[in-house]
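Have a look at the structure below, then the notes.
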Amino acid sequence: MTSVHTLPDITATPAWDALRKHHDRIGDTHLRQFFEEDPDRGRELTVTVGDLYIDYSKHRVTRETLRLLVDLARTAKLEERRDQMFAGVHINTSEDRAVLHTALRLPRDAELIVDGRNVVADVHEVLDAMGEFTDRLRSGEWTGATGKRISTVVNIGIGGSDLGPVMVYQALRHYADAGISARFVSNVDPADLIATLADLDPATTLFIVASKTFSTLETLTNATAARRWITDALGDAAVAHHFVAVSTNKRLVDDFGINTDNMFGFWDWVGGRYSVDSAIGLSVMAVIGREAFADFLSGFHIVDRHFQTAPLESNAPVLLGLIGLWYSNFMGAQSRAVLPYSNDLARFAAYLQQLTMESNGKSTRADGSPVTTDTGEIFWGEPGTNGQHAFYQLLHQGTRLVPADFIGFSQPIDDLPTAEGSGSMHDLLMSNFFAQTQVLAFGKTAEEIAAEGTPADIVPHKVMPGNRPSTSILANRLTPSVLGQLIALYEHQVFTEGVIWGIDSFDQWGVELGKTQAKALLPVITANNSPAPQSDSSTDALVRRYRSERGRTS
């Protein structure tokens, strides 16, 4: 295990104290005042990275706030930790692992030696194997057991083996060009698998079982049920034609009946929530093809290079991560809304939930000591304009501060005329995007509402206080490269915050105990004889009620 030196308490540093005092001075200042005093901030508090134009001017920060936040980042040695990550140092200290999701998108001619191996060569060996396989699948050379070509791939995974591929597949659905669609199964609830397979033909269905160890309970339970669905229809010999694996466990893959030539590996330096650009993205490559998948990877790399080389003062992921930390630790915010004005990004907020909350939802620092401040932003959201008719009421007039990220595109992939036939529905969508960020920031005062002739007793109900912060991220079009850029933008925000909090953003011990306890409880709830009493009266009563309603002795 890598030795971990005692970390300094960031909250006890002069840089933290300077921010606290700065907050005391400006924390209640309204965005209206910020814009009046600094009329150029709407043009100047922006940064462009690749295809992403990022406007952070509608945040409750001044140029001095940003300077102090950058000082805090340097106090936490953010640049040094960033360089260690890119170099393959074992910064995942609790598991003694390198953190190299950035290596997954390095170009073929790059070299990165980690633990004696050129990991770039390893990455491209797997990418080449994925490309060769998906070429065969997409051309119809690979067929099912009956000789029919595959028309549906079903990805069976959970967590990072599911959330990433689901999100990317939906976001890039327009790039499907070979007559192959994808579906996804993750939940051990049998309803998930049953509903997914209900209208599929076993003869034209291929399963991708994604599990690094090939022992994940939910994934193997679903995979076994899927294998039964195939063998009942096509016989045992069909398994090799209808299953491939994303795993590193050859023995268990072979035992399952999958030809290990059709096993695609990845590495322990890739965490699940950072793995959609690895072999975990095989289902995506099957649908959009290897060239579009390469464009997807190139988008990540654009932001990686920016994060690695840009000064902190103009480094987009660093600035956005620092602003998120400003709200979490100094302004009292607990969550961040992610609001894509693109229905194709409907699962983006759910994807970011795992990325951010599994990474930074920690109460122990990397050296084993307790944290001394709040950590981990709670991410949530829905696409616009749906969210406007669901929860924006709280954003506008509620008592909780919820910074929001708005994501939109200038050029639609889909468009239709508006009701009168002369306008663009995409223009209507984006007019809502711009209006919401404007109204959240500047609101509407009682005087302005009264001047419109509103009855006095109604005026208080219509006041929009404003001063609700947001980031606007605008790109030309949702392409594979742009999607990669967006994901990397958030990956490196997570890293930035984690370094300052002094936590290990790349382990997830908090998910383990529940899985262990579930295994222990399974025989208790299924046994024919009376179950042993549980250690707490609540669980004991719940188990007994469940057993009774399942017709078992309680």
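Glycine is treated like the rest: Cβ placed from N, Cα and C.
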Problem - region 'Disordered' range according to Swiss-Prot, out of 23-50, 527-554 - result: 527-554
Handout entry: Beyond the flanks of the compositional bias 'Basic and acidic residues' (542-554) by at least 6 residues, Cβ under 8 Å
Key = 521, 524-531, 534
Handout entry: Cβ contacts under 8 Å made by the compositional bias 'Polar residues' (527-540) with residues that lie 6+ beyond its boundaries
Key = 547, 552-554
Completion exercise
Glu358 (active site, proton donor) to Lys515 (active site), Cα to Cα, whole Å, comes out at 15
Fill in the blank from the handout: Taking only the CA atoms, the spacing between His389 (active site) and Lys515 (active site), expressed in whole angstrom, is 37
Fill in the blank from the handout: Same-chain residues at least 6 positions away from Lys515 (active site) with a Cβ under 8 Å from its Cβ, in sequence order, are Leu217
